[in-house]
Amino acid sequence: MQPRTPLVLCVLLSQVLLLTSAEDLDCIPGFQQKVFHINQPAEFIEDQSILNLTFSDCKGNDKLRYEVSSPYFKVNSDGGLVALRNITAVGKTLFVHARTPHAEDMAELVIVGGKDIQGSLQDIFKFARTSPVPRQKRSIVVSPILIPENQRQPFPRDVGKVVDSDRPERSKFRLTGKGVDQEPKGIFRINENTGSVSVTRTLDREVIAVYQLFVETTDVNGKTLEGPVPLEVIVIDQNDNRPIFREGPYIGHVMEGSPTGTTVMRMTAFDADDPATDNALLRYNIRQQTPDKPSPNMFYIDPEKGDIVTVVSPALLDRETLENPKYELIIEAQDMAGLDVGLTGTATATIMIDDKNDHSPKFTKKEFQATVEEGAVGVIVNLTVEDKDDPTTGAWRAAYTIINGNPGQSFEIHTNPQTNEGMLSVVKPLGYEISAFHTLLIKVENEDPLVPDVSYGPSSTATVHITVLDVNEGPVFYPDPMMVTRQENISVGSVLLTVNATDPDSLQHQTIRYSVYKDPAGWLNINPINGTVDTTAVLDRESPFVDNSVYTALFLAIDSGNPPATGTGTLLITLEDVNDNAPFIYPTVAEVCDDAKNLSVVILGASDKDLHPNTDPFKFEIHKQAVPDKVWKISKINNTHALVSLLQNLNKANYNLPIMVTDSGKPPMTNITDLRVQVCSCRNSKVDSNAVGALRFSLPSLLLLSLFSLACL
């Protein structure tokens with residue numbers, strides 16, 4: 001039998017441990033019984049046990065303290081309630097408050113048959129959380145009242161008592177303050193005769209934790225006799241609030257390859273319960289990790305601080321090998337310091353594994369081929385690369401560079417932002433006859449620098465072979481534009497120049513023919529064989545087809561290819577002016593009053609389509625063969641204007657005065673124009689020719705004067 005004794009002991013010990021564990025799982029902090037009924041004896045005997053109270057904080061009751069609302073009783077460490085001396089009357093109710101660092105609770109002892117005591121209760125509710133207020137010399141005796149929140153019916157229920165040892169007869173107690181006669185009103189009341197304080201409804205510590213009331217005694221007329229004296233009502237916290245995560249969404253980032261123990265983020269929950277108790281003492285844990293690969297425990301959370309840290313090796317934090325670089329953690333916060341009886345709240349923490357540039361881009365091929373027609377520009381080939389880094393970062397985005405084979409800067413390469421490919425383009429047309437083949441060396445790098453232990457290798461460079469295809473190119477005029485200067489009015493058939501166009505396709509030995517492409521005035525002809533350009537009409541500098549003395553024509557050069565190619569050349573003919581336009585005067589109508597004292601008629605201006613020196617100074621004259629002398633006079637004002645005036649008044653009539661104007665060309669050209677002068681009866685009005693300065697008379701004023709003269713017709 002002896003050999004079996006250790007086995008039996010082990011079995012018994014395991015049963016005890018299992019039972020203890022089960023009890024811990026079912027443990028609820030506080031008094032196991034909240035209300036006790038005690039029959040009032042003839043006398044409570046000193047040190048005699050009255051009843052046993054059972055309190056547990058589910059953590060061993062370390063630093064357990066008991067406090068009784070009556071100074072005549074105490075609770076021993078074993079939970080036994082005893083009297084401190086012989087006493088007969090203790091009132092109708094006692095309260096016992098138990099407290100540890102982890103929990104607290106209050107039990108009510110109802111004295112069946114007890115009577116209200118008349119005497120000093122100076123230490124009622126002595127166990128207030130704050131130090132008792134020093135006793136003052138007064139007859140009203142009050143102590144703080146402690147009331148658990150969330151009490152149930154019945155209400156009202158007595159929670160304390162106020163005593164006035166020197167209270168006059170017929171005096172009354174009066175209670176005031178927030179919770180009595182101030183909002184929220186009617187929570188507390190006092191028996192005006194006995195001083196019993198009662199609560200009328202359930203209290204919520206998270207709404208109001210402490211009520212500051214005042215007690216006073218009054219006479220029958222309501223006049224204050226003593227007081228007011230402060231009365232503090234403290235609401236005892238119950239664990240009735242779950243932890244709440246209020247600051248979401250919670251998103252953290254950690255760089256791939258980070259060392260074990262790297263802090264990612266902090267989770268903080270809030271509990272509305274009393275922070276001085278375990279009701280608001282939180283502990284954190286990770287309930288779930290998604291995905292659960294490569295390890296179901298990629299992260300750890302500090303149970304007290306809420307810091308989330310990595311717990312796997314840096315090799316497992318490789319973004320490129322993870323199925324998903326995003327992890328979601330269900331974080332649970334539990335009050336009561338994490339005991340099973342604690343309330344819980346959860347939140348989701350999203351952790352992103354951020355990329356670092358630990359992979360260099362690599363070309364998918366060492367060599368690429370491209371073809372392009374000579375003369376063409378644009379993209380000729382897309383170079384493809386592979387990069388395992390995050391496509392949304394500069395660790396993936398490629399930057400290409402031509403490092404050899406581009407001395408003429410005929411090529412450029414840019415990155416396609418969608419595909420990350422290198423788009424190689426021709427930006428300067430290539431000539432087959434110059435070079436039919438080109439070889440470029442291209443390198444690729446990332447926008448972001450590589451991490452120190454990674455470098456660009458041979459796969460980060462590639463060769464591009466480009467073949468230039470021969471095409472039938474159009475002939476090219478040289479020079480272009482072609483410029484000649486000739487006098488206008490040269491004789492028809494005059495040779496202006498011989499154009500010259502060459503064929504870039506020098507190896508094909510093609511012939512070239514010429515033709516007129518654009519000749520707005522129809523003045524030119526070109527020999528289709530030798531390119532000689534001559535005139536078919538008189539060249540006129542004043543033609544509307546001439547712009548600023550320059551006439552523009554276009555010619556074609558067409559080769560003999562199949563199909564033929566065409567080139568265009570521009571001819572700019574600068575026409576020199578000759579005096580081929582006579583000047584003209586303005587205005588051609590004037591008026592004057594028949595009784596005018598000022599005999600000035602009009603200021604004449606002259607203009608010429610030719611250029612200087614074939615224009616002004618102009619010479620103004622009256623054609624004397626057509627009009628009598630001693631009636632009209634013309635006087636020069638400046639190079640372009642003259643004043644016409646009368647030598648005597650004329651009768652009302654219309655007069656035609658021939659004006660002869662001559663330019664300064666060699667030979668000069670003359671024009672005779674009739675000036676129509678209207679002599680009017682102006683009544684009280686008159687034309688004031690002096691108002692117009694001889695040198696500053698403007699063309700708009702002359703036109704206005706001409707319009708006014710029409711009124712005399």
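Just so it is clear, glycine is given a Cβ too, placed from its N, Cα and C backbone atoms.
Straight from Swiss-Prot, the features:
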DOMAIN    139-245  domain 'Cadherin 1'
DOMAIN    246-363  domain 'Cadherin 2'
DOMAIN    364-477  domain 'Cadherin 3'
DOMAIN    478-585  domain 'Cadherin 4'
DOMAIN    584-690  domain 'Cadherin 5'
CARBOHYD  Asn52  N-linked glycosylation site
CARBOHYD  Asn86  N-linked glycosylation site
CARBOHYD  Asn382  N-linked glycosylation site
CARBOHYD  Asn489  N-linked glycosylation site
CARBOHYD  Asn500  N-linked glycosylation site
CARBOHYD  Asn530  N-linked glycosylation site
CARBOHYD  Asn598  N-linked glycosylation site
CARBOHYD  Asn638  N-linked glycosylation site
CARBOHYD  Asn671  N-linked glycosylation site
LIPID     Asn690  GPI-anchor amidated asparagine
SIGNAL    1-22  signal peptide
Asn52 (N-linked glycosylation site) in three-state DSSP notation:
strand
Between the glycosylation sites Asn382, Asn489, Asn638, Asn671, whose Cβ has more other Cβ atoms within 10 Å than any of the rest?
Asn671
Write out how many residues of the domain 'Cadherin 4' (478-585) are helix, how many strand and how many coil, based on DSSP.
0 helix, 50 strand, 58 coil
Of the glycosylation sites Asn530, Asn598, Asn671, which sits closest to Asn52 (N-linked glycosylation site) by Cα distance?
Asn530
Counting every protein chain present, what is the number of Cβ atoms, excluding its own, within 10 Å of the Cβ of Asn52 (N-linked glycosylation site)?
13
Given a 10 Å Cβ-Cβ cut-off, pick out the one of the glycosylation sites Asn86, Asn500, Asn530, Asn598 that has the most other Cβ atoms nearby.
Asn500
Of the residues in the domain 'Cadherin 3' (364-477), how many are helix, strand and coil by DSSP?
3 helix, 53 strand, 58 coil
Using C-alpha atoms only, work out the spacing between Asn500 (N-linked glycosylation site) and Asn671 (N-linked glycosylation site) and round it to an integer in Å.
45
Please list, for the domain 'Cadherin 2' (246-363), how many residues fall into helix, strand and coil according to DSSP.
9 helix, 48 strand, 61 coil
